[in-house]
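K.L.:
Features from TrEMBL:
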- 5-348: domain 'Aminotransferase class V' (DOMAIN)
- Arg43: L-glutamate binding site (BINDING)
- Ala77, Ser78, Phe103, Thr153, Asp173, Gln196, Asn238, Thr239: pyridoxal 5'-phosphate binding site (BINDING)
- Lys197: N6-(pyridoxal phosphate)lysine (MOD_RES)
Amino acid sequence: MMKRIYNFNAGPAMLPLEVLQEVQSELLDLQGSGMSILEMSHRAPIYEKINAEAEADIKELLGLGDDYCVLFMGGGASLQFSMVPMNFLGAGQTAAYAVTSNFSDKAVKEAEKVGKVVIPFSSKAEKYDRVPQPGEIRLPENCAYLHITANNTIEGTEYSVYPETGAVPLIADMSSDILSKPIPAEKFSLIYAGVQKNIGPAGAVAVIARKKFIEGRSKALHSMLNYETHLDNGSLYNTPPAFAVYIVGKVAKWLKAQGGLVMMEQRNAAKAKIVYDVIDMYPDFFRGFAKTGSRSLMNVTFGLPTEALEKRFAVEAEELGMGGLKGHRSVGGLRASIYNAMPLAGCEKLAEFMEAFYKIHK
Ligand code: PMP
């Protein structure tokens, strides 16, 4: 019999079962082509339609119009750490980075190789336990853009309100909360997200951008590193990560069928509440890492009184069919990643196990 666990991994992560079943049913013969998506030319009309529909569906979910594009490319979110400053940090300008995680720190390191960077907010000294609150960020003169990490996968913090930047472009790494809730998408000049957490498998990054923002940048940029190349070619300049884009397209359709992002937010908030409620009930035992106003709906991070207990928790949970609860190697502790595809029942099962574990080990 098929065994499926509740997979709490931070990414690659759970995908909706319906999507996987559809992929399985199409694998040997995609739409009567006599071949799978894995074997198909990216110039084939079937693939061009998949690519165009994935773009259109993501724009529809975010309420974006023709002035925005969705591009799919390789290199992961990590390549975006370089592409963003290479494209948008001009000579004589300063880029601002709100540093709320290990990943924002990595983004800063790449930007510093390109030009001048200032850090108007950092929670590094508190091990990244919070994101800035409204009004906390002051931008420098001649600011090329403000870069934020919308959801901090390792630390379990997330913005619920985004900074006001006026005329300064706002850029966000949304790798771990993309399409998990409605956002004021038009506030952003560019959003990028490795798709392997919330909307697909490993292999593709989605870049959602205002077309005018990415057009007409430096001619000195290498073609593959220039967003405009990907825009001009509809994400088909070179061979794209076709299998990943195909699955992202299916997940976007699944999200629409679920009722869109308003419904996803309700569901994700309800799921997160189930787990945070247990943390709040026994705060001396389950030591929630994120400051209350910064808690993530996607990654719930907590520690236990000893490392030995944390180890035991992860092992026993695994035996009960709940995998991937060990925290990131850089911070330790435990982490439950509960992206879009994690059902409510998975969070209920985890909360029940937490209560039972507490009663035995308190
Ligand atoms: N940013 C965030 C917020 C992430 O969670 C990750 C991956 N865990 C990355 C960037 C790096 O993504 P990738 O592995 O796709 O390069």
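In case you wondered, yes, glycine gets a Cβ from its N, Cα and C as well.
TrEMBL labels come from automatic prediction, so no person has curated them.
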K.L.:
Any same-chain residues 6+ apart from Phe103 (pyridoxal 5'-phosphate binding site) with CB under 8 Å of its CB? Would you list them in sequence order, or say none?
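P.N.:
Counting only residues 6 or more apart in sequence, the Cβ neighbours of Phe103 (pyridoxal 5'-phosphate binding site) under 8 Å are Ala77, Thr149, Asn152, Thr153, Ile154, Asp173, Ser175.
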K.L.:
Between Gln196 (pyridoxal 5'-phosphate binding site) and the residue listed as 'L-glutamate binding site', what C-alpha distance do you get in Å?
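P.N.:
Checking the Cα atoms of Gln196 (pyridoxal 5'-phosphate binding site) and the residue listed as 'L-glutamate binding site' gives a distance of 24 Å.
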K.L.:
Determine the C-alpha span of the pyridoxal 5'-phosphate site listed in the record, that is the greatest distance between any two of Ala77, Ser78, Phe103, Thr153, Asp173, Gln196, Asn238, Thr239, in Å to the nearest whole number.
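P.N.:
Looking at Ala77, Ser78, Phe103, Thr153, Asp173, Gln196, Asn238, Thr239 as a set, their Cα atoms extend up to 30 Å apart.
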K.L.:
Counting Cβ neighbours within 10 Å across all chains shown, tell me which of the recorded positions Arg43, Lys197 comes out on top.
P.N.:
Lys197
K.L.:
Can you tell me the CA-to-CA distance separating the residue listed as 'L-glutamate binding site' and Thr239 (pyridoxal 5'-phosphate binding site), as a whole number of Å?
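P.N.:
Cα-Cα, rounded: 9 Å.
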K.L.:
Are any of the binding-site residues Arg43, Asn238, Thr239 near ligand 1, with a Cβ under 6 Å from it, and if so which?
P.N.:
none
K.L.:
Sorry to bug you, but what's the C-alpha spacing from Lys197 (N6-(pyridoxal phosphate)lysine) to Ser78 (pyridoxal 5'-phosphate binding site), rounded to the closest Å?
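P.N.:
Rounded to the nearest whole number, the Cα-Cα distance is 14 Å.
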